[in-house]
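Notes to accompany the following structure.
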Amino acid sequence: MCHQRMEQNNGSSFTGFILLGFSERPQLELVLFVVLLIFYMFTLLGNTTIIALSHLDPLLQTPMYFFLSNLSFLDLCYTTSTVPQLLVHLRRADKSISFGGCVVQLFISLGLGSTECILLGVMAFDRFAAVCRPLHYTVIMHSRLCVLMASASWFIGFANSSLQTVLIFLVPLCGRNKIDHFFCEIPPLLNLACVDTTIYESEIFFVSVIILLIPVTLITFSYGWIVRAIFRIKSSAGQRKAFGTCGSHLTVVSLFYGTAIYAYLQPSNNYSQDQGKFISLFYTIITPMVNPVIYTLRNKDVTGAMKKVLWRVLTPDDWVGKTL
């Protein structure tokens, strides 16, 4: 339907787009290729490690690490939806993407980004239950509720993506196909429009605010109670542990929401394409890469699990002897 509408608006068959990316700075392309390839490998390694540890170590099979493994899987998918294509385009003159490929890329990246918005709010509620209701934590955060909340995050995220993807590809382009970006994203796609996009921007802005407002409200509510509860903990060790796990989550929230708000909630007349590209690089590769580091840097549970798994791999005979 969207493709037919696009053809009607453009008056001819519309085959695809050109992703200009960083082609106006050819001297940067090789440097970016090397740096992004290294970052992408670290992203794959870090997030795969979190997922593997969460499944292999019984001590990490808790609601917190269930949601964290969801976040790591999400980050793996999000980065992979854009970065491999960018790496290819940085080394090739042909920077085209088919119409269908652009639709799919926007749908997947927007769906994953929206899911992360909701999931970070769910993770804040999990921290609220752990810190403010420690004696009832396992009763509150039972496995069925965790699965339901995670599933709801994915469903809401991709429902939002479906709506916004349809809206964006209903905008008439009149044959314009050069996207001044390195992947298909809403702001640069709107810049191709040959009509007034005020109505489309208002609809997208309204939906984006809702998707951001729900988890932000949950995060604000949760951390208001968490801070009060932490200051009531008499043990300094207990306070440090609570601040450690909550601090990691707040750091991830700040990185993600800061860039998302900049990219999607500012007026289009203030949007800078160059700044937009580097902000997009930040949340498509930097944030997914540093999330595992933030969660494991001062986390004794994860570092302990990592040592145990490495010990099993390096000394399998000794491990079998101990288990027997």
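Cβ atoms here come from the backbone N, Cα and C positions, even for glycine.
Annotated features, as they stand in TrEMBL:
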type: DOMAIN; residues: 46-295; note: domain 'G-protein coupled receptors family 1 profile'
type: TRANSMEM; residues: 30-53; note: transmembrane segment
type: TRANSMEM; residues: 103-125; note: transmembrane segment
type: TRANSMEM; residues: 145-171; note: transmembrane segment
type: TRANSMEM; residues: 204-231; note: transmembrane segment
type: TRANSMEM; residues: 243-265; note: transmembrane segment
type: TRANSMEM; residues: 277-297; note: transmembrane segment
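Only residues 6 or more beyond the boundaries of the transmembrane segment (103-125), in the same chain, are considered here, and those with a CB under 8 A from a CB of the stretch are 2, 64, 67-68, 70-71, 74-75, 77-78, 81-82, 85, 97, 149-150, 152-154, 156-158, 160-162, 164-165, 168-169, 183-186, 189, 211-212, 214-219, 222-223, 249, 252-253, 256-257, 260, 283-284. Beyond its flanks by at least six residues, the transmembrane segment (243-265) meets 64, 71, 113, 116-117, 120, 123-124, 127, 130-131, 185-187, 204-205, 208-209, 212, 216, 219, 223, 226, 230, 276, 279-280, 282-283, 287, 290-291, 294-295, 297-299 of its own chain at Cβ-Cβ distances under 8 Å. Nonlocal intrachain contacts for the transmembrane segment (277-297), taken as residues 6+ away from its ends with a CB within less than 8 angstroms of a stretch CB, comprise 21-22, 36, 39-40, 42-43, 46-47, 49-50, 68, 71-72, 75-76, 78-79, 82-83, 109, 113, 181-183, 185, 248, 251-252, 255-256, 259-260, 262-263, 303, 306.
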